[in-house]
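Visitor: Got a structure here, written out as structure tokens. Questions coming.
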């Protein structure tokens with residue numbers, strides 16, 4: 001008999017029902033649970049998969065480069081970045097029809113998709129200028145992807161499989177990743193900016209043919225060896241520098257100017273190079289801190305074991321954490337996801353507030369798309385961090401090893417943690433909603449002057465302390481006489497104060513009562529999401545109801561009132577609930593960002609300031625008003641180039657709504673439905689010639705919820721993506 005899927009589980013492969021397929025897919029990545037899996041084999045498989053992951057990333061990037069070089073208009077865009085629309089790729093579709101071909105054709109090009117990903121600005125900033133360079137980059141990445149795939153295969157061969165001891169050698173791995181991965185790669189990137197990108201921004205082409213003969217600075221390496229490093233900061237580009245040409249260009253390569261290049265409204269490349277160099281130095285030093293073969297440096301275990309406050313308030317302190325983290329991949333993954341989630345959210349913020357790429361801040365649709373994209377990814381990563389934290393408690397937590405240390409004490413006072421989060425969420429929820437609906441009511445009854453409007457004083461003070469003069473707080477950097485301001489203008493960031501008080505960029509936007517309210521609405525979402533996730537993780541191993549449910553596993557389902565209390569201790573259900581809260585919270589974040597920016601770009605910030613104080617304002621003046629481009633993608637007079645987003649908007653709603661079919665139902669209904677269909681199938685002539693090997697059974701409760709959640713999530717994100725792109729592109733191109 002042929003072996004059935006899944007090969008990794010004998011028990012599942014022999015299951016006579018369709019469960020075999022779904023459980024097989026569900027546990028394909030749960031490597032720990034596979035037949036015959038040893039700890040060493042587990043580490044080796046995960047390690048090899050990293051090479052595959054990198055290969056996929058490089059392949060994808062190579063695809064972007066290749067398609068833009070082949071079907072895009074990069075060279076034309078480079079000649080006039082503000083007026084030419086960047087093309088992502090051609091659209092090949094015989095079903096188009098005449099009106100669509102007209103709508104999607106730009107000039108004399110065949111129907112195309114416009115790029116809203118920011119790759120044009122990115123490649124331009126780092127020194128690309130021609131299609132040939134894009135092709136070369138694409139081929140280079142393909143070769144790299146092939147090398148990585150080979151490396152992944154190689155590390156699965158018996159001779160080249162690293163041992164378990166190698167994987168658990170924390171100090172060596174830290175040194176290698178800090179110095180090698182983060183330090184040297186930052187140094188290499190600094191080198192690229194200094195040797196290729198900065199010359200390109202000054203009209204000097206540096207390629208493979210001349211990079212060894214074109215010094216990035218006229219003084220060469222002499223100042224470096226003589227210690228006269230200020231030479232590299234002298235003579236920066238002037239304020240009237242025309243980007244990409246020698247006009248107004250300087251010679252500085254490592255500066256501390258602050259603010260933005262007046263023409264491109266992006267950070268000075270020489271500032272970025274300086275920043276990247278500093279990071280390289282810090283990480284290369286950090287990568288020499290830990291004790292490995294030479295008997296010098298720190299030992300992680302000693303540091304953790306020594307962290308025990310003298311007052312005794314933290315019990316055994318960090319004792320046991322070294323072994324706990326070393327031996328738990330879920331704990332490591334949880335920490336990594338949490339850090340990466342925060343970094344991704346910061347990327348969303350900094351990508352528009354301190355734009356690193358030339359002319360990106362003039363491409364409003366791309367800015368909106370990038371913000372939304374990074375914010376959603378951050379949400380998924382952070383929820384994943386807590387999910388793996390919960391799996392850690394179920395599978396990897398050893399109460400003996402962690403006796404009376406900080407981890408055990410967290411678990412012992414979890415009620416206090418959970419209830420404090422609960423109080424914070426309740427306070428934020430009732431007060432914020434109360435203010436909104438009060439304002440809604442008085443506006444609806446024609447008395448808008450009775451709204452309760454708070455000026456965000458503390459936030460304004462923080463902005464003023466950073467140099468924003470409009471609030472007239474006259475404190476720290478917004479006071480012309482403070483020592484910080486005096487030093488700032490002479491030594492560091494002379495361009496900062498000009499930038500923060502310039503209305504042409506996104507640094508510290510002016511805020512008011514609408515911002516105050518939505519800030520607290522977002523705080524409510526963040527606290528509630530955190531509450532659900534923290535409770536799910538802390539109660540994952542057990543609660544008052546069931547002291548230790550280690551053997552029940554992570555996907556222990558919430559079985560409703562029939563089995564009282566099971567919902568209280570299901571980590572899977574906490575993850576499931578938190579996903580909805582996370583998605584809705586990021587909805588509020590992106591609505592806020594998008595609406596505020598739409599009004600600023602349109603020169604009418606007053607619309608946001610007035611309408612954002614009550615919920616009807618959000619529904620009417622943001623969602624409804626901005627959905628007109630989507631509704632008019634098709635109309636009685638034909639169609640326009642937003643029709644594709646109109647389709648996506650409808651399709652997103654459809655997927656989203658399908659999710660509810662799985663979310664608002666119960667298992668018995670599905671089983672009955674399936675058996676009815678099977679009965680009908682078996683009695684229908686011709687149809688009953690087709691048989692199946694597996695007995696059809698309904699999805700389990702947990703599976704149906706997952707299917708529902710996936711539809712809800714995908715539909716939600718697709719719908720909002722279409723809305724953001726079409727509403728912004730409809731107004732601002």
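In case you wondered, yes, glycine gets a Cβ from its N, Cα and C as well.
Here's the feature list from Swiss-Prot:
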- 46-69: transmembrane segment (TRANSMEM)
- 134-157: transmembrane segment (TRANSMEM)
- 174-198: transmembrane segment (TRANSMEM)
- 272-290: transmembrane segment (TRANSMEM)
- 329-352: transmembrane segment (TRANSMEM)
- 368-394: transmembrane segment (TRANSMEM)
- 416-438: transmembrane segment (TRANSMEM)
- 516-534: transmembrane segment (TRANSMEM)
- 558, 567: [4Fe-4S] cluster binding site (BINDING)
- 574-595: transmembrane segment (TRANSMEM)
- 642-664: transmembrane segment (TRANSMEM)
- 653: chlorophyll a B1 binding site (BINDING)
- 661, 669: chlorophyll a B3 binding site (BINDING)
- 670: phylloquinone binding site (BINDING)
- 706-726: transmembrane segment (TRANSMEM)
Visitor: Any idea which of the binding-site residues 653, 661, 670 has the thinnest Cβ neighbourhood at 10 Å?
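Guide: Lowest Cβ count within 10 Å among the binding-site residues (653, 661, 670) is 661.
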Visitor: Taking the Cβ of residue 567 ([4Fe-4S] cluster binding site) as centre, how many other Cβ atoms lie within 10 Å?
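Guide: A 10 Å sphere around the Cβ of residue 567 ([4Fe-4S] cluster binding site) contains 15 other Cβ atoms.
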Visitor: Could you find out if DSSP has residue 661 (chlorophyll a B3 binding site) as helix, strand or coil?
Guide: helix
Visitor: Under 8 angstroms, Cβ to Cβ: which one of 46-69, 368-394, 706-726 has the largest number of such pairs with the transmembrane segment (574-595)?
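Guide: It is 368-394 that shares the most Cβ pairs under 8 Å with the transmembrane segment (574-595).
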Visitor: Comparing the binding-site residues 558, 669, which residue's C-beta has the most other C-beta atoms within 10 angstroms in this structure?
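Guide: When each Cβ's neighbours within 10 Å are tallied, 558 leads.
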Visitor: If H, G and I count as helix, E and B as strand, and all else as coil, what does DSSP give for residue 558 ([4Fe-4S] cluster binding site)?
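Guide: In the DSSP reduction, residue 558 ([4Fe-4S] cluster binding site) maps to coil.
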Visitor: Helix, strand or coil at the residue listed as 'phylloquinone binding site', per DSSP?
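Guide: DSSP call for the residue listed as 'phylloquinone binding site': helix.
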Visitor: Answer with yes or no whether the transmembrane segment (368-394) touches the transmembrane segment (706-726) by the criterion of at least three Cβ pairs under 8 A, sequence separation 6 or more.
Guide: yes
Visitor: Of the binding-site residues 558, 567, 653, which one has its Cα closest to the Cα of residue 669 (chlorophyll a B3 binding site)?
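Guide: Given the candidates 558, 567, 653, the nearest one is 558.
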Visitor: List only the single closest residue to residue 661 (chlorophyll a B3 binding site), chosen from the binding-site residues 567, 653, 670 by CA-CA distance.
Guide: 670
Visitor: Nearest to the residue listed as 'phylloquinone binding site' in three-dimensional space, by Cα, is which of the binding-site residues 558, 567, 653?
Guide: 558
